[in-house]
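Please read the structure below before turning to the comments.
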């Protein structure tokens, strides 16, 4: 029994073709939207590529860009088919191409669904990328005189100001690295010497943070240095008092920013996928309804359209059988080639009669 079997007359076929033509052009605009979202996400990721450890995060925008281009191409082609289906003479040239085209549409829709899922599932990979990238970026914060790294201080400061964050996972991350350049340290000072000697790696570590960690909304002047020293500040307890530094780490802030963006894009791609699926089903109904016309010379006659000629179970069964036949055929060919090789390898015995 055919799946989604529908009876059509000439009027219904024309309405279906016209409706599909319109839907395909809507799908072209949807493809442009998907392409634009991928381009926007790629630009946003490139803005902060200095604090990202690898290029894996670009898989999502690249996929969106590719799906957008393919969507425009597929739906533009399908729109032409639907327009020509109104004229039997023009539609005749598309008949041999429709089955392969519908098969390509099926795999294309699988890819769209996969890309939509990836938009929701990339959070874990993005988190590890940001964690390592921010860690490396903070290490190079002090290298304002090193070529290739002199921009890192500005990048980190602008990032912390824009996203209202501090450090990788929190402000205490700055305590574990030397973020003050040696050129601004007085090595004749006893305090500087003692701090450097007290560290195994010979680094100048302080319980302080860069100015960009300060919260300008706080009524109290920013406590940027000696953050954990309660006696250094009047009426201050760093463990209980609300600090005038940003509490949130930049990894969490960036992860939330990009995750919400990709989730929204994933929801849009899912809607596009549903629309593409409905277009594909409609195109299949149009194709089968035109092919099943009993008398091509009489366009007014009724016909039947369907999505699958047999039930879903029977279709899957026949597909598996076809795959098995192809596998057996390849095995027979391989065995035959092996037998020919063995026969060719044998050298006939020659008897010499004297």
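Placement of Cβ uses the backbone N, Cα and C atoms for every residue, glycine included.
Per TrEMBL, region 'Disordered' is recorded for 334-354.
Residues or ranges marked as transmembrane segment in TrEMBL: 20-41 (among others).
The transmembrane segment annotation in TrEMBL covers 62-81 (among others).
The annotation transmembrane segment is assigned in TrEMBL to 101-122 (among others). Beyond the transmembrane segment (101-122), the same-chain residues lying 6 or more positions past its ends with a Cβ under 8 Å from any Cβ of the stretch are 57, 59-60, 63-64, 67, 70-71, 74, 77-78, 81, 262-263, 265-266, 269-270, 272-273, 276-277, 280, 283-284, 287.
Positions annotated as transmembrane segment by TrEMBL: 255-275 (among others). Same-chain residues lying 6+ beyond the ends of the transmembrane segment (255-275) with a Cβ under 8 Å from its Cβ atoms: 23, 26-27, 30-31, 33-34, 37, 41, 44-45, 57, 60, 64, 67, 71, 109, 112-113, 115-120, 122-123, 126-127, 130, 163.
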